[in-house]
């Protein structure tokens, strides 16, 4: 009925990307270098710089077109700038890089629409929640990404079919309607994607991680791809998705993506390292990148013809992809020299790039780039102009369901925590047994204060499991945050609220075992007040440990910086050292310590009971309760109970808000830094080599979702 699917054409003109990199040993991650970096970043605010840095050109004057309905393969030797090009096209470059030139989608510049929602960058690292099954991961991705323009397309299609008197085939009509419904927990598009990716055989198996056995490496790669193609995004930039896969699995994945591109008129640029000949033949266009320059871009059929025109021939039994990656190398290109009668002459990458501009494919590309894209030809529905595809409440519901699922999958941890607190409560009850606890003098009262203090500390550290749990989930969160799956608060709010019932259960367990066994004040009102304080301490501690996880982001830093923070909170809480003994210049820290308010509230609640306040000690006119409060330097005011309880709940809310802001603005640690050896710099200066022959070195744009070095990619990341 004359409807054309919305398509995206990506253009990049004169794209140049540069980075400053440290020279030699200055780039090593030593303690001295870290301290210097910190000092120099502070001085850098005033324009002062001491570090010796060299300029590294990652991409140089790259121009080209990624066309819809065509599979485009990005080839090039390691450290040639492939990942940088993909990140630049997906609008995900590191902000510290210097970028010249422009990237457009259907004639729109990157700032005129939401590029990160229109396209998707698929990393070579498989980052998934190990406790979720394959189908659950794809369902969650589909719920967050929505259906895009499918519903509007179907409405227009139905109207035109009705006008033309066409009756659609029942199965096709049912499928299109089922895939256009948004907000469902499990959609038909997920089952369809599982089928075409060959994941239907493992859809109910957990993905797995280092501690849990799950699906195979090849299946994880397909889950990474399926996570994006299950949504309406049809512009994909895929970075070496074949890493760790055999050639057969790679062929199956690429074959599937070829069907997606040709049938749905998608736009895919995929980089592969040494693809097999049968995989190479699935692509329509080739982009060959070397030393940051585009050597060839155009139809696959003409690439060998171009190099033959330069004097190099691909041997009969040599794979074309391997030939293309070696022919631009000074070390390897001599073996492909065609005319043995003529002396071999090394052709540089710059010379290849210049010759391509005069090749018929290059001339046609230049003529296409010279004519600006006609915006009237492109449909606005092809681009995303809103940050999120779904309403905030739908995204919150999806995150809520996911969080509840993970709590059920990790139920052993929460059951173990409850059993642990019951065991400690029994031990505490036998140590502070009521038959041995008296209310005669100050020494007896100190035992009660000690037991209250022990209970507060135990309930605080009961939330310590949040630290490792949250840090293990951060890589997946950062990936989904950058892909604009959902706002940060839709992740933190369910994390906070769904653990409240668990905390209430643990508080009931602690109070039921300890309160009357130890022999605290028997009034019911003081029992429930103590209950509220234990619950508030648990909530405050959980929020604090989440905040430490969000700020530190790795277990190593959390176990050093985070524990140091806890030690200061304990030291200045008023129970290790009384407030009167704390130096005046540290008094501010005493009042911002949450445990100050917890200790005061626990002590006031117990000591203001009638059995302490009505008991007089010989040779003193004040009651025993007041003497205890004075000895511990706790305020002699019963209102301090409510001040302490309110402060603890306030700290719980504050820590969760700060945790939300930490996840919103902080990025993963461990960003690699480009390095140039001192000998290379001296050689460049001595020979006065121009910038286009700078060495291709450790790429600074390596994936930031990996929290550890990947030894398998060492030869690619370092040279």
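Cβ atoms here come from the backbone N, Cα and C positions, even for glycine.
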Which listed span TrEMBL calls transmembrane segment, if the choices are 412-433, 522-543, 588-609:
412-433
Stated TrEMBL location of transmembrane segment, expressed as one of 556-577, 688-709:
556-577
Which one, 412-433, 445-467, 488-511, 640-666, has the most C-beta pairs under 8 Å toward the transmembrane segment (556-577)?
445-467
Cβ pairs under 8 Å only, please: of the recorded stretches 445-467, 488-511, 640-666, which one is richest in them relative to the transmembrane segment (412-433)?
445-467
